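Over in TrEMBL, the protein carries these features:
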DOMAIN    A:40-147  domain 'HPt'
MOD_RES   A:His82  phosphohistidine
Amino acid sequence: MDTLVSQLQRQFRDYTISLYHQGFLDDQFTELKKLQDECSPDFVAEVVSLFFEDCEKLIGNMARALDQTGNVDFSLVGSSVHQLKGSSSSVGAKRVKGLCVTFKECCDSQNFEGCVRCLQQVDIEYKSLKAKLQDLFSLEQQIVQAGGRIPQVDI
Amino acid sequence: MNSGSCSSLMEVGYDDHHHHHGHEELHVLAVDDNLIDRKLVEKLLKISSCKVTTAENAIRALEYLGLGDQDQHIDALTNNDLKVNLIITDYCMPGMTGFELLKKVKESSNLKEVPVVIMSSENIPTRINKCLASGAQMFMQKPLKLSDVEKLKCHLMNCRS
């Protein structure tokens with residue numbers, strides 16, 4: 001008989017695997033999970049939450065800089081992109097990081113339209129990842145509440 | 001794995017900084033302007049049983065080390081709390097870079113023996129060589145993984161014994 005716990009565990013496993021296979025996460029996210037233990041059981045959620053706050057702040061900075069029509073400081077935009085690239089790389093946010101690479105190139109070549117496009121994409125992408133990770137954490141909570149263990153998923 | 005390291009980090013008392021006990025903790029000063037990276041490196045080091053102090057830029061790091069502008073006469077070695085066994089710093093930081101921080105540390109008679117590790121997300125051979133030539137112990141590629149810190153610790157412990 002398929003228990004609630006085993007159903008949830010299977011959903012969790014499948015969802016995790018799909019996030020990696022679809023390129024939302026890379027193995028740096030796996031590295032983050034290794035740092036979670038009894039001492040800091042919410043480490044991943046905390047770091048990820050800081051990351052999304054950072055995204056919001058940096059994207060705000062970039063938007064403001066790009067809004068200075070006729071007087072855009074591309075190096076200012078570029079330094080925010082550099083920060084975002086670093087953070088996304090450190091948490092395993094693969095797609096966000098990939099967009100930052102393109103974004104940086106647009107900054108370096110002072111490509112205004114390219115920057116605006118990249119900004120929109122980065123905004124969509126981080127929000128999408130945020131929603132997916134919320135779903136993933138929610139599954140974890142459901143498993144624990146149903147009395148189960150969160151399975152180790154090998155990608 | 002130290003279960004004792006769950007709570008706030010233990011103070012390690014040295015009788016004399018030349019006589020180290022068998023299982024002393026490394027006190028690491030981690031410098032990075034990126035909050036997420038600071039949190040990550042701090043966790044990586046704590047999991048590896050290090051005492052960690054973080055600084056968000058090179059100026060703050062220098063102040064902590066007693067090399068700040070004000071009081072050049074603070075001897076960091078006389079205060080056991082401050083004694084730093086390793087500095088790990090990001091290369092790219094606004095204001096003073098990690099490279100400049102490295103040079104300041106190596107120029108200091110008090111601190112030049114402290115190993116300095118440089119981290120960077122970019123793998124630029126000229127940058128790496130420049131750091132190593134100026135006395136950096138190691139260069140580490142970001143993002144850092146647990147295995148990187150474990151290797152670093154082994155390397156340092158071997159150097160010290």
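Quick reminder: no glycine exception, Cβ is built from N, Cα and C everywhere.
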Averaged pLDDT, computed only over the residues in the domain 'HPt' (A:40-147):
97
Enter the number of other CB atoms within 10 angstroms of the CB of A:His82 (phosphohistidine).
19
When DSSP states are grouped into helix, strand and coil, how many residues of the domain 'HPt' (A:40-147) land in each?
91 helix, 1 strand, 16 coil
